[in-house]
Structures are given as C-alpha cells and as structure tokens.
Amino acid sequence: MARRLDPEGTPPPPAEGTPLDRGAVIGDGLRWTASWALRTIVVLFALYLLQKALAPLWVAILPVILALVISTVLWPPTRWLRAHGFAPALAAACSILGSFVLFGGVIAAIVPSVVDQSEDLSNKAIAGVNELRDWVQGEPLNVRPEQIDDGVTAITDKLRESGSQIAGGVFSGVSTAGSLIVTLVLALILTFFMVKDGPRFLPWLRQVSGERAGAHLTELLVRMWNTLGGFIRTQAIVSAVDAVLIGGGLLILRVPLALPLAVLTFLGGFIPIVGATVAGALAVLVALVTKSWVTALIVLGIVIAVQQLEGHVLQPMLQSRSMNLHPALVLLGIAVGSHGNGVIGAFLAVPTVALLSVLVRYLGEQIDLRTGAKRASDVTPATAHGALAAQAGEAAGPGRTPTG
C-alpha cells in the first residue's frame with residue numbers, strides 16, 4: 001500500500017523494517033558531496049588569496065624561512081654555550097662566528113685545488129672534444145669537417161645575434177646576485193635574534209593567543225621545530241657520509257677536483273634525490289673527461305652504491321618514522337618549489353613538506369581525540385602544554401563534558 005504524503009509533499013518516516021527510499025539515499029549522498037565540495041572550494045580559494053597576498057612579501061618572508069633553517073643548526077651549540085655561562089647574545093654571536101670560520105675553512109681548503117687543477121681540466125676537456133671530433137669524422141658516422149665547421153659557425157652567429165639578450169641576462173644576474181646577498185645578510189641578522197631570543201617566543205605567543213589556543217600552538221610549533229631540526233641534522237649526517245665515501249673513491253682513482261666534488265656532494269645532499277644525482281653525474285663527467293670511460297664507469301658504480309646505502313640503510317636508520325616522506329612526495333615538492341624559486345625553492349621544498357605533514361598529523365590526532373578513537377594516554381606530547389591540549393580534546397569527545 002502506498003504511503004500518503006503530508007501536505008508539504010514529504011513522505012512520512014518509513015516504518016521499522018521498511019527499506020529506505022533510493023532517491024532519499026542518493027539525495028543524502030549528493031548533499032554530503034556538495035557540502036564538502038563547497039567547503040573544499042572555499043578553502044582552496046582562501047589559500048589562493050593567501051598566496052596572492054603573500055607573494056609581494058616574499059622578499060621579506062624568504063629571509064625569515066632561511067633564518068629558521070639556520071637557527072635549527074645553530075641552536076644546539078648556542079644552548080650548550082648558554083648552559084655554560086655565556087650570555088644569550090654572546091652565545092648567539094659565538095655560534096654564528098664559529099659557523100663562518102668553519103665555512104671559510106672549507107672554502108680555503110678547496111679553492112687552491114680548483115685553481116691548481118682547472119688548467120689541466122680545461123686542457124683535457126679540449127683534448128676530449130678533439131677526440132670526439134675525430135671520432136664523428138670516422139666510421140661509421142663519416143661526418144665531413146665542413147659540416148662540423150658549419151655547425152660551429154651557426155652556433156656562433158646565433159650567439160652574436162643574441163648578444164643583447166645575453167648582456168641583459170648578465171645585468172639581471174648581477175641584480176639577482178645583489179638581491180641574494182641582501183637576503184643572506186638579512187637572514188643572518190634574523191638568525192642572531194632567533195637564537196638569542198627564541199626561548200621567549202612561545203610564552204609571549206601563549207600570552208597573546210590565550211591558554212587554550214596557546215597550548216595547541218605551543219605543541220604544534222615545538223613539534224615542527226623538532227622535525228625541522230631533526231631533518232636538517234639528519235641530512236647533514238647523510239650528506240657527510242656520502243661526501244666522504246664518494247670523495248674517497250675519487251681520491252683513490254686520482255680523479256681531479258676530488259675535494260671540491262666531495263663538498264658539492266655534501267651540499268647537494270640537502271636537496272634529496274635531485275641534489276645527489278646532479279653531484280654524482282658531475283663526478284662521473286669529470287672522471288670521463290680527465291681519465292677514461294673505465295674510470296667513469298667505476299665512479300658511476302661508486303655513486304650508485306653510495307646512493308643505495310643512503311636510501312636503504314642511512315635514511316631508515318637515522319630518520320624516525322614520523323619524518324619519513326615518500327620519494328614521490330619529495331620529488332613533487334622539489335618540482336613545485338624549484339618551479340618558481342629555483343635552487344632555494346628546491347632546498348626549502350622538503351622541509352616545507354615535512355612541516356605540513358606535522359600539521360596534518362596533529363590535526364588528525366586532535367580529530368581522533370574528539371571522536372574517541374584515541375585517548376590522551378595514547379598521545380606522546382612534545383610539551384606539557386601538548387598534554388593539556390590532548391586532555392582537553394579527549395574531554396570534548398563523545399559522552400564527555402568539555403572541561404573548558
């Protein structure tokens with residue numbers, strides 16, 4: 001028997017045991033989908049507006065980000081100095097000056113090697129080009145010398161026609177270099193204040209935001225700080241091991257510029273996957289130009305073996321599970337970061353993805369506490385304020401009365 005509609009046309013609730021109307025189920029699903037789609041659009045639009053608003057401020061934001069990264073490296077020695085009686089300002093200054101001395105020592109060690117071996121490398125590169133020219137002129141390619149000369153002439157004419165563009169690029173490069181120097185100087189000044197006054201930031205933040213929001217912000221920011229510091233220190237250890245092993249192999253094989261290539265390998269390690277690949281390819285190229293294809297193959301084998309050691313032993317052993325990122329996510333982050341900001345964007349991409357993962361995990365943890373899927377005792381807080389935030393989240397869960 002058909003159910004009668006009420007005056008507004010809405011069917012009465014089905015009796016117990018009666019199947020639900022398919023249209024009603026589909027309508028509920030569509031309403032749920034439309035509701036979340038609208039929320040997603042609003043969030044994405046808000047992020048787009050935020051990106052547009054922050055884009056003009058990037059010149060000020062970049063030094064702050066670089067200062068945060070540098071501060072995670074300099075804070076442990078600064079904390080040690082403060083624990084041994086140094087004033088905060090003196091401890092921060094000593095840490096920064098010590099890093100300058102260390103960096104200057106590395107540069108002083110590699111510059112003579114580059115100067116001494118650059119002429120030999122240039123001569124061998126020219127000889128290699130001549131050998132390549134002789135090879136393409138012989139069997140089986142049989143390229144005539146006139147064809148090679150025509151190709152060189154065409155390239156020269158193209159460069160001559162593009163002289164104004166090249167000159168403009170030089171001036172642009174000078175401007176970019178000047179901007180980079182200003183950014184680095186500003187980042188160092190901010191680093192000094194961060195390592196000097198950093199411990200006073202979180203109490204001030206709790207005072208401004210209130211205890212409830214301040215507890216969440218304190219816990220989240222401390223987790224982000226620990227993750228960022230752990231990531232930088234882990235990458236430094238892994239990069240140092242890579243540099244020692246690859247540099248040692250180059251020294252044994254007597255490949256020129258072994259020390260500069262080892263330093264480049266260390267620096268490239270801070271851009272996971274891509275940096276190590278580029279540094280390894282350059283080492284293979286130098287071995288090919290200065291030695292032989294056999295030596296180049298041996299160097300290639302060393303580079304591949306070291307990268308396998310890094311990926312399967314060093315990274316899993318040194319990085320905690322909370323910091324592990326899937327290689328595909330790392331590559332996507334590097335691609336997005338380098339697209340608009342070049343090398344600096346590629347360098348900052350992985351730490352940024354790691355910090356976003358901390359944010360997502362913390363939000364998921366709070367949702368689990370409020371839904372009852374977790375209890376406060378299941379959470380490992382980084383701070384006492386995080387423990388209070390977890391207890392408040394559990395108290396707001398199902399069947400519990402919020403404690404305020």
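Here the Cβ of each residue, glycine as well, is placed from N, Cα and C on the backbone.
Because TrEMBL annotations are produced automatically, they should be read as predictions rather than curated entries.
Here the structure is a predicted model, which means the values were calculated and not measured.
TrEMBL has this to say about the protein:
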REGION    1-21  region 'Disordered'
TRANSMEM  29-50  transmembrane segment
TRANSMEM  57-77  transmembrane segment
TRANSMEM  89-115  transmembrane segment
TRANSMEM  166-195  transmembrane segment
TRANSMEM  231-253  transmembrane segment
TRANSMEM  260-287  transmembrane segment
TRANSMEM  293-311  transmembrane segment
TRANSMEM  346-364  transmembrane segment
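Ranked by number of Cβ pairs under 8 Å to the transmembrane segment (231-253), the listed stretches 29-50, 89-115, 293-311, 346-364 are led by 293-311. With a cut-off of 8 Å between Cβ atoms, the residues of this chain six or more beyond the transmembrane segment (346-364) that come close are 65, 69, 219-220, 223-224, 227-228, 231-232, 270-272, 274-275, 322-323, 325, 329-330, 333-334, 336-338.
Put simply, of 29-50, 57-77, 260-287, 293-311, the stretch with the most CB pairs closer than 8 A to the transmembrane segment (89-115) is 57-77. If one looks beyond the transmembrane segment (293-311) by at least 6 residues along the same chain, the residues whose Cβ comes under 8 Å of a Cβ in the stretch are 238, 241-242, 245-246, 249-250, 253, 255, 276-277, 280, 283-285, 287. Same-chain residues lying 6 or more positions outside the transmembrane segment (260-287) and placing a CB less than 8 Å from one of its CB atoms are 106, 110, 113-114, 121, 232, 235-236, 238-240, 242-244, 246-247, 250, 253, 295-296, 298-300, 303-304, 307, 310, 327, 330-331, 334, 343, 346-347, 350.
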